[in-house]
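First comes the structure, then the notes that go with it.
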């Protein structure tokens, strides 16, 4: 019995010892797994920085300067050294509570029901963790916004900002040029490419469609891959296709090149304003963003001046047979690509936005750029001894990263995965613009952008068309009419212009080496006549009869002979190419360029006023007030019954409405946080181009019919925009979100 008792006691001790060993082993394994998870989490999420070196009482962000004057980040080293994970924090080594209980993981002996409950608990815990993580990220962004504003105050405003101002101004100037290019070249390009009226209309709208796509795409990418890099890519696309469009011959290829060029330049406005705003302190932001808008005006002036100087010089051309022609308007298209090329060259010398780096967890890169801004400004102001006192800066926790597939995957698989991931990230960022937090602001901004663009672009295109219509009306009033004239054995070798001949008879007459402009022959007879070396525009023969008549080296193709009869008549060596179907002379071309030049120059006073008052009266008052005055100025259009009156009204409207655009650009930049700024701006700018296409299409359809409908539409849209603008939050005096 004694042996049996000792045997049972020893056996019990052995079993208890084995259980203790198993429990300790299981606990150690759990701790190792917990530490591994902590390290993985810390690698992407834990960022502990102190804001300034003197703020030593902030225990949450303890950045420690290194010996060489730099800095490093404390990635929860204390937790790793202590040897326990967050899930078991506060428990002793001998605590009997199951290691994974706080994570919702059931015990091995809990059974199937317990397993299901554990999965549900784990999912609930995951949602709670995500919500808490987003809360921490939001807190990081708020702290970063306050600290970043303080850092910009220390960096000052000086040489660096002004250098960036001119660099980004070139990109904005390229956008202004793009708007005018097609309109200026159409009168000449339609002859080279045989454009019909529908084709001319499509070419006029294709730039807006390209810019609409470009604004949306590049705006979304700029929040993911960086402002500077995205702007360089978009400007490069614009430059390349603008260059090609100068040399391509066919209509389809020219249309495609202008579309791609518009896609490239579409990213300039949303990126430029967001990029520049992130280098400006709060008290300078509104004013200097308004000054930046002046480069759009400079782009319009540049395009008008170059068109005026180049296009009418038809001698600036060469051709290689009949297959390739390079006329003066192509030189103008080439020259218009210069601002974009200059912007690319200058932008390569500028850094990325430090705010973008901080939003994406790149502390070191952001610190170096901010130090560069500080040192550049201090040296320019005569204080080279001043030291950049910021040692570490708050960064924002990251939600996701591009996944590295390792070295085993093929290069195309890696790129496909990266592009797919990038697309999902951009789309997800776009959807957050319509999240409950920003939904009301986004819808209000959409309405204001749409109303402003619909009225502004609709009227600015309607003005020149109305001027052309008034010119035609005035030209038609001077038309000379000849009825039942009989002309025999006469040689016409001088210009025939703006005449109508009805029921005339022409026998053995010669029309040689002359131009026919706006000539119409109706119900007339031409017998044994001779036409040689004729150049015509807007000239037609209606219901005429040609007997034994020879056409040699003329552009009087059969489509100019409407319902006419040809008896024993011959066409020899017809002139190749297409012809202008309307009045086209140098004086008219100069007038078009001059009107555009004046209209663009007229916005200068509005730019100056908005820049000086933007930070004094606020964005909303500037936007609403300018919209109301623009709405009132629309009613004066009813009194514009002459060419000079329409030009004056065009200048008045442009000078007033530019203040609204400046305020709207500043407001859009300040209403959205940095990680969504260019995405939201790009979407709103794309909506702006869509509204422009609708406004142009609707307004121009009423040219020559009535003025009341365009004026009513424009006034109503501006009134609605000014009312909705007052419902937006004022951003003056606030830090950049």
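Heads up, residue numbers simply count up from 1 along the chain you see.
Using N, Cα and C of the backbone, Cβ positions are placed for all residues, glycine too.
Taking TrEMBL as the reference, the stretch among 111-130, 131-150, 331-350, 351-370 described by the feature transmembrane segment is residues 331-350. Here the transmembrane segment (162-189) has Cβ contacts under 8 Å with residues 195, 200, 203-204, 206-207, 211, 231, 235, 238, 242, 254, 258, 261-262, 265, 268-269, 271-272, 275-276, 279, 288, 291-300, 302-304, 307, 311, 327-329, 332-333, 336, 339-340, 342-343, 346-347, 349-350, 464, 580, 584, 589, 592-593, 596 of the same chain, all six or more residues outside its ends. Non-local neighbours of the transmembrane segment (231-252) in the same chain are 171, 174, 178, 181, 192-195, 199, 203, 214, 218, 222, 258, 260-268, 271-272, 275, 323-326, 330-331, 333-334, 336-337, 340-341, 343-344, 347-348; each lies 6+ residues outside the stretch with a CB under 8 Å from one of its CB atoms. The stretch in closest packing with the transmembrane segment (289-311), judged by the count of Cβ pairs under 8 Å and taken from 201-219, 258-277, 331-350, 620-639, 679-702, is 331-350. The stretch in 331-350, 645-667, 679-702, 708-726 that contributes the largest number of Cβ pairs under 8 Å to the transmembrane segment (258-277) is 679-702.
Counted over residue pairs 6 or more apart, the CB atoms of the transmembrane segment (679-702) and the transmembrane segment (331-350) come under 8 Å in fewer than three pairs, which marks the two as apart. Counting Cβ pairs under 8 Å to the transmembrane segment (645-667), the top-ranked stretch among 201-219, 331-350, 443-463, 620-639, 708-726 is 620-639. Sequence-distant residue pairs (6 or more apart) of the transmembrane segment (443-463) and the transmembrane segment (331-350) include fewer than 3 whose Cβ atoms are under 8 Å, leaving the two stretches without contact.
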